[in-house]
């Protein structure tokens, strides 16, 4: 009897039973209230209602299996489970594992179907919901089948111990591996309607209630994270106590360890059902307690609304009263009550369903009468279509911003540069840790690196280009952040399973996200502001990205991944990646509301037309802008390949040359990354004084020379050379990108797509360098780096020998601002003098054979978006003038 009390205290069964029963009762109450609201108040039952009832039925079944399991040993240690109860316990656990995913799938399906009824005027929201619905059902069906067939033969799932001839999947590992799908769909369901809710034309109290109502979905995501924590504990216990997936449950105390995971799984499903019912219950609450939600205020109170969303701007200029009239616009024809009734039945949208309903015939008649009375004077309100990404209220194009106006948008987008630099550093360290734990070969290590950069080829040329061209910069940023977040979550299965293929897929998806960000990020920095400073701006932002690449490896090596020494400890890294994923999603939501400027193809073409005579010149039979782009894509491919070859073999090179120092190769690489970051800022400053094509040429020459010296020097000299290679590499990427985009006009976005895809050279060149290093040594393998940099140098050589290319890429400081922002008064440009001379020569020649009555001859050439130079002459004389955002400089000559 002395030992019975401690063992009873360790029985988790009563706690699990109480929690599950309470949740069943609460979810049942919400289901009943929802059905009363839909049948009795709204008088409409839709597909989402049937789905939620199905979800409740399945949830009741798997909750019953948990409750039954607590009576036959669930929550107790395996040693305390009676032998005659073991088979019953196994059946209860099997029933739970099979019913969990269908219950979750039906709940999320109900929510998605509800969203689809609200998405008639929001195509992007509709297609995003359809994608989420497909993911929920495809993943749910696959996991359900896996749970049903968890053992071969199926009947072996009820055996304890499992027979040696049977093969079973560890169910806890399966749950933990599938957790990213749950989190991804939870976050999608939580955030998808928020842009619409915050942009609805509602007063503050009504909008606040709606946002809080839909925000209850956050509880489901939180519960899912807690559930994952308990699943992780169960998985770690399994790893510590058994090495075989087909071992007996008694070997790692399954009934005790997994009981809390089962309980939190029930919490997740029932909380999901409750949250799905909350919007449907609101009409009932509004009818029974009409004063509870507060009186609906007049629409004029939109001013000062703290939840003013991007779509609310379309209401800002509406007339404040119904008596306002417009002379230019015809009056709106009266609307009949029958027409309103028909619209009310056909357009049961979000506003009709979620706000306080007109539930009585008297109220409906009053609404119709009021609408008919004011129908002749009230202006037509625009349709509420706000989720299509490019609903910014800024009228000014990004290409027309001054230096001062572009500071804030540039700073916002530069945050993304830091993010993908941070991601690159984390992956680099984690790849090394993973290789050590799993024992990957050198070829597999190169494959992990190549998978990340291979994504740069696919993302820009497929969905990245489509989104960029159709919706612009903001949409591409949001998509890139979301894909990046998905990639970090996919790391979880690879950590749990210690699987090389899963880790390869994770690297590839993260690369897809970062490549999508770069597709829009680099051209945004290049085009946002005066064009003559494009190279300077991009080098500054890329310098911030390099800082992220410096900070993250040190943070990962010294803090985050310091204790990652074996497979169980690798699972702990998932919390770091969960934090990154949540940060990505929140940042994507923030970017939706930020006033990011855009540039249409027409804006870009107008900017290019300002130097039409220069950009339409040809080189080798092709327009010079296309020839420069071709060289730029090739040079970018070569440069990134060389850069990643150096980065991949940096530590091996340092270890090979064996400098007599206690500093580790990792510390030397940290120094190299710091020099790389500083080099980008130095390149930015140099861009204010030296032409970018000349800087590019010098950097390539420096990279070639230092790479060649690294092949022949040992010790500190060799280390110094490879660090200098990083210094000369630093500004090349930004210069190639910005120079290649100059003058492309409406093709600028397509050019950016090809330049970003050229970054895939980082997947190919290191793979070429690997067999060379294997056959000889890593120092000799730097001959590949020398050769690839030499090929990349063809672009600056072309820019130096082609007169048309020089004219194209050399910045024209038509609106030169000082670094401090002060305006410098422009002077008459050299080109205006050339025009003047050409006209004088022409008139001197023509004056010999023509009279003073000849018509005027005029030549016009535009140098910048805000400048115009013109010369005109006749037999009596002429003048040449240039106006550039200021006083007009004029030169005249006599006849």
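In case you wondered, yes, glycine gets a Cβ from its N, Cα and C as well.
Positions annotated as domain 'Major facilitator superfamily (MFS) profile' by TrEMBL: 409-804.
According to TrEMBL, the feature region 'Disordered' maps to 872-895.
As annotated by TrEMBL, transmembrane segment applies to 16-37 (among others).
For 49-74 (among others), the entry in TrEMBL reads transmembrane segment.
Through the fold, the transmembrane segment (130-149) approaches residues 97-98, 100-102, 104-105, 108-109, 112-113, 116, 169, 171, 174, 178, 181, 184-185, 188-189, 192 of its own chain, all at least 6 residues removed from its boundaries and within a Cβ separation under 8 Å. Marked as transmembrane segment by TrEMBL: 130-149 (among others).
Counting residues 6+ beyond its ends, the transmembrane segment (169-196) has Cβ neighbours under 8 Å at 93, 97, 104, 108, 111-112, 115, 118, 122, 125, 128-129, 132, 135-136, 139, 143, 146-147, 150-151, 211, 214-215, 217-218, 220-221, 224-225, 227-228, 231-232, 234-235, 238, 245, 258, 261, 265, 268, 309-311, 350, 386-387, 485-486, 489-490, 492-493, 496-497, 578, 581-582, 585, 589, 592 in the same chain. Look at TrEMBL and you will find 169-196 (among others) tagged as transmembrane segment.
If you look up TrEMBL, you'll see 208-230 (among others) marked as transmembrane segment.
Annotated transmembrane segment per TrEMBL: 407-430 (among others), in sequence order.
Within the chain carrying the transmembrane segment (450-468), a Cβ under 8 angstroms from the stretch's Cβ atoms is held by residues 427, 475-476, 479-480, 483, 504-505, 507-516, 518-520, 640, 644, 749-750, 752-754, 756-757, 759-764, 766-767, all 6 or more beyond its ends. Under the heading transmembrane segment, TrEMBL lists 450-468 (among others).
The transmembrane segment annotation in TrEMBL covers 475-492 (among others).
Annotated transmembrane segment per TrEMBL: 670-690 (among others), in sequence order.
Sequence-distant neighbours of the transmembrane segment (695-713) (same chain, 6+ residues past either end, Cβ-Cβ under 8 Å): 642, 646, 653, 657, 683, 686-687, 721-722, 724-725, 727-732, 735-736, 739, 779-780, 782-783, 785-786, 789-790, 792-793, 795-797, 799-800. TrEMBL lists 695-713 (among others) with the feature transmembrane segment.
Annotation source TrEMBL lists transmembrane segment at 719-741 (among others). Beyond the ends of the transmembrane segment (719-741), by six or more residues, the same chain brings 522-523, 526-527, 534-535, 538-539, 541-542, 546, 628-629, 631-633, 635-636, 639-640, 642-643, 646, 650, 653-654, 657, 659, 668, 671-673, 675-680, 682-684, 686, 692-693, 695-696, 699-700, 702-703, 706-707, 709-710, 713, 748, 751-752, 755, 785, 792, 795, 799, 809 to within a C-beta distance below 8 angstroms of the stretch.
Per TrEMBL, the feature transmembrane segment maps to 779-799 (among others).
Residues of the same chain lying 6 or more positions beyond the ends of the transmembrane segment (407-430) and with a Cβ under 8 Å from any Cβ of it are 398, 401, 452, 477, 480-481, 484, 507, 510, 514, 517-518, 521, 524-525, 528-529, 537, 540-542, 544-553, 555-557, 560-561, 573, 576, 580, 584, 587, 591, 594-597, 647, 673. Packing against the transmembrane segment (670-690) from elsewhere in the chain are residues 425, 533, 535-537, 539-540, 542-543, 546-547, 549-550, 553-554, 650, 699, 722-724, 726-731, 734-735, 819: each is 6 or more residues past its ends and has a CB under 8 Å from a CB in it.
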